[in-house]
Amino acid sequence: MGPLQREGRPALGDANVAPGSSPGGVWHQPQPPKDSAFHPMGWSLPKEKGLILCLWNKFCRWFHRRESWAQSRDEQNLLQQKRIWESPLLLAAKENNVQALIKLLKFEGCEVHQKGAMGETALHIAALYDNLEAAMVLMEAAPELVFEPMTSELYEGQTALHIAVINQNVNLVRALLARGASVSARATGSVFHYRPHNLIYYGEHPLSFAACVGSEEIVRLLIEHGADIRAQDSLGNTVLHILILQPNKTFACQMYNLLLSYDGGDHLKSLELVPNNQGLTPFKLAGVEGNIVMFQHLMQKRKHIQWTYGPLTSTLYDLTEIDSSGDDQSLLELIVTTKKREARQILDQTPVKELVSLKWKRYGRPYFCVLGAIYVLYIICFTMCCVYRPLKPRITNRTNPRDNTLLQQKLLQEAYVTPKDDLRLVGELVSIVGAVIILLVEIPDIFRLGVTRFFGQTILGGPFHVIIVTYAFMVLVTMVMRLTNSDGEVVPMSFALVLGWCNVMYFARGFQMLGPFTIMIQKMIFGDLMRFCWLMAVVILGFASAFYIIFQTEDPDELGHFYDYPMALFSTFELFLTIIDGPANYDVDLPFMYSITYAAFAIIATLLMLNLLIAMMGDTHWRVAHERDELWRAQVVATTVMLERKLPRCLWPRSGICGREYGLGDRWFLRVEDRQDLNRQRIRRYAQAFQQQDDLYSEDLEKDSGEKLEMARPFGAYLSFPTPSVSRSTSRSSTNWDRLRQGALRKDLQGIINRGLEDGEGWEYQI
């Protein structure tokens, strides 16, 4: 027993001694009382305090979850390197030291299956550092390492094949596949999840890894060895879904085509129609994510060119998954309900733009105008019913000199007697029926979209949905109070009037001039004004308390604005909004601190905070003004989808052409005539001429590099250019002509060559 070992307790090295006992006898750990919680420091706590401590610990863990996750990830990476340096086998695999590996593997005490801090084997490390020779030695000595996955929470399930694929080590991939590596292994660690703090999302299978890094050779190898192109990860995403989410759009389109070339066999459904867990196909996911490149690439597969007549082209576009008719989760509805701004750019793409324009002009705008007119008549009817509500002279005597009430509400038996009352009753019934219809229309959408999405989406008119639902409830509350002869019906009636008339602004979205302004008002109220109210509340609370303390010892008859604390708060609020001036009686002596406090309040409230609010609103106006066309298109789509969903099919026929009548199957199509600019064809011819000149120019440079540039460029045989002038206009024209030439020769700007014509000073080249 060591000198520091407590008597009666086992030493730390006594592995055969059971916990709670000692070699010389039995030692029992003291048990806490049944009605208390045991603290780790050794004393007992009451059960209630133990529960509070447990809840506090859970709250702390929840609050620091993200920071602790990042810190844990950093610590594990450092521990991984430390573990590699401590293990000769892992270090030899990292440094590709084949001789050391052979010696270690021949040693009987060497554990070939030893793992590092991440649960990785030596083969994982060799694959991570692209050490093919070391990996071959390890696979020869222990072939079962090929099937070993990593076991840490971060990289759980990752095999050496995953690492070789993502590093695009083709030779190592071939070696692993030759030794039976599983092509269906799934990497399910937290690093591979689709989360904001993860930099990459490549799915879980080796095939999706290969497709995302753009290795065509590895993709073919994996498919030839039995990789399932229809495999889905934990989110239900196939490899096509995962390609949609990649930032590199160019090779994503190439991999998309390559994978589709392997789709076929006995499957009845195309790989492009396989949905994920959210019910989104790759095409819909491209629209929701705002991936314009992939969306246009997929639309090229869906279009059928009928004929071309000079600059005119007639094209049939397949409306499957785009049109909201007959699809509960169409692309149009997904775009207007998503929170990503990039998705709204899809609304300006063909054929979505043409489909929305057709629906809006043919059905949406007329029905929306009729609906707006009906609502205005309805709210006028409700207003008249409120204005002429049943009142009678007051019967009771006044008991308070401040009470100036002359009329009071009639009882239910007295409210409907005269012909005027009957006319008002008709209007009240119309108001109640309208409120019930509003709730029947709005409540199903709340359950379908969810409360957060339905009331929080500005494009869907979220705040207006809150207004109209609250209005309907206020009307029903007013009805209940009228039927029960309850006093105070003026409260819900007043709220209903304000909310009902404010909802008229919702119908401004039907006009391009007024629609964006409704969004501007929403953003100012729920963005700028809400933040400003927090600052205003702090300032008012501070200065109201100061004013109350200053006038606390004064005569309230002389200085009545601050005689109690609630009145001080209200008076300070009026001062803040400059409704009243300094509410002080200057005929008497005022406290010295009043002048100082009021001067500071005037500077902070009037000069600083009100101008801050104006600046914030101006910034919001500037941002919304730059998006007004895009926002209005989104409003039109949201309104069109809403009307199409609510109206019966007989009032809203399906748009487009049914393919069944023309031998195109059961799909619906939209015919679009497009006129191509002939200047593009001219620019292409110029581009070809310039390309030939560049080839000749490069050949001349190789023959004689000592000649001058003007002598080496044989432009005269092809194009004649004006002699450069020193004037500003000629110099500018020459500069833009050179930009045109450079833009025409770039491979990645075909079709958008005119972007090269923009001048730095805002001048545009005219063709």
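Cβ from N, Cα, C; glycine included.
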Where Swiss-Prot marks phosphotyrosine, which residue is it, choosing among Tyr155, Tyr201, Tyr309, Tyr416?
Tyr201
Per the topological domain annotation in Swiss-Prot, are Ser234 and Asp557 located on the same side of the membrane?
no
From the list Tyr202, Tyr388, Tyr686, pick out the residue that Swiss-Prot labels phosphotyrosine.
Tyr202
227-231, 447-451, 492-496, 637-641 - the one Swiss-Prot records as region 'Interaction with S100A10':
637-641
Position flagged as N-linked glycosylation site [Swiss-Prot], chosen from Asn248, Asn397:
Asn397
Mind checking which residues of the chain, 6+ beyond the ends of the intramembrane segment (565-584), have their Cβ under 8 Å from one of its Cβ atoms?
536, 539-541, 543-545, 547-548, 551, 559, 590, 594, 598, 601, 605-606, 609-610
Give the nonlocal contacts of the repeat 'ANK 6' (278-307) in its own chain as ranges (CB under 8 Å, at least six residues past its ends).
236, 238, 240-241, 243-245, 249-250, 252-253, 256, 272, 313-318, 320-321, 329, 331, 334-335, 338, 340-346, 349-351, 664, 669, 671
Averaged over the topological domain 'Extracellular' (483-488), what pLDDT does the prediction give?
87
Do you know the DSSP helix, strand and coil residue counts for the repeat 'ANK 6' (278-307)?
19 helix, 5 strand, 6 coil
Report, as numbers and ranges, which residues of the same chain sit near the topological domain 'Cytoplasmic' (509-528): CB under 8 Å and 6 or more residues beyond its ends.
365, 368-369, 372, 458-459, 461-464, 613, 616-617, 620-621, 624-625, 627-628, 631-632, 635-636, 639
Taking residues 6+ outside the topological domain 'Extracellular' (388-424), which of them lie with a CB under 8 Å of any CB in it?
482-483, 485, 487, 489, 493
Sort out the residues at least 6 away from either end of the topological domain 'Extracellular' (483-488), same chain, that have Cβ-Cβ distances under 8 Å to it, and list them.
409, 411-412
